Amino acid sequence: MASHFLLLALLAMAATLAMATDPTQLQDFCVADITSNVFVNGFVCKNPNLVTENDFFFPGLNYPRNTANQLGVNVTAVSVTNLPGLNTLGISIARIDFAPYGLNPPHTHPRATEILVVLEGTLSVGFVSSNPDNKLFAKVLYKGDVFVFPQGLIHFQFNAGHESAVALSGLSSQNPGVITIANSVFGSKPPISDEILAKAFQLDKKTVDLLQAKFWMNN
């Protein structure tokens, strides 16, 4: 009887681990049918007879992006929504362009761990561990350096140099998602009550109202 309980416990753990990641493929590929009206966890498969090499292709990630915005950053995400061949493969990539002193502000990826490599320039990066420690792990990265941001933890990247910087990020999900902290808290629609935010951040309501009135840019 004890061995049966142990077997059931192991099966339960395995099922939990399986459900905690992206759906995995049960065939060679499952190219996402972005146009389908069927709602599933992820995307339904495109008819394999209609799949072409272009479903596995995304061009132009080598070209610099425009960073003329309030944050001085431009994130070019390549995920299942613009590279449908990524469906069920549990991986995606992003190019991040930084103007001098550009900031990819504090944010999280709810469905992915991120590994970042600096291609050009210098970046100050870091992440904060969960409650109750809230410990900051921060590092200055130079060309060729690599840093990893654990799944779901708040992290940031800042170009501390006088020159532009470029980084490439790999993410462990076909659709990692992003939650920019300031946007979510002060730019939600409809807005969170200023009374709640004032108490949470120990601010007066006038300051909260000013923050909520700002334009919050998605990264």
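Don't overthink the numbers, they just go from 1 along the chain as shown.
In case you wondered, yes, glycine gets a Cβ from its N, Cα and C as well.
Take the CB of His109 (Mn(2+) binding site) and look out to 10 A: across all protein chains shown you find 24 other CB atoms. What TrEMBL records for His107, His109, Glu114, His155 is Mn(2+) binding site.
For Cys45 (disulfide bond), the number of other Cβ atoms no farther than 10 Å from its own Cβ, over all displayed protein chains, is 20. Per TrEMBL, the feature disulfide bond maps to Cys30-Cys45.
The domain 'Cupin type-1' annotation in TrEMBL covers 59-209.
The signal peptide annotation in TrEMBL covers 1-20.
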Cys30 (disulfide bond), number of other Cβ atoms within 10 Å: 23
Cα-to-Cα gap, His109 (Mn(2+) binding site) vs Cys45 (disulfide bond), nearest whole Å: 25
Sorted by sequence, non-His107, His109, Glu114, His155 residues with Cβ within 8 Å of centre, Mn(2+): Thr108, Ala112, Phe127, Phe149, Leu153, Ile154, Pro176, Val178
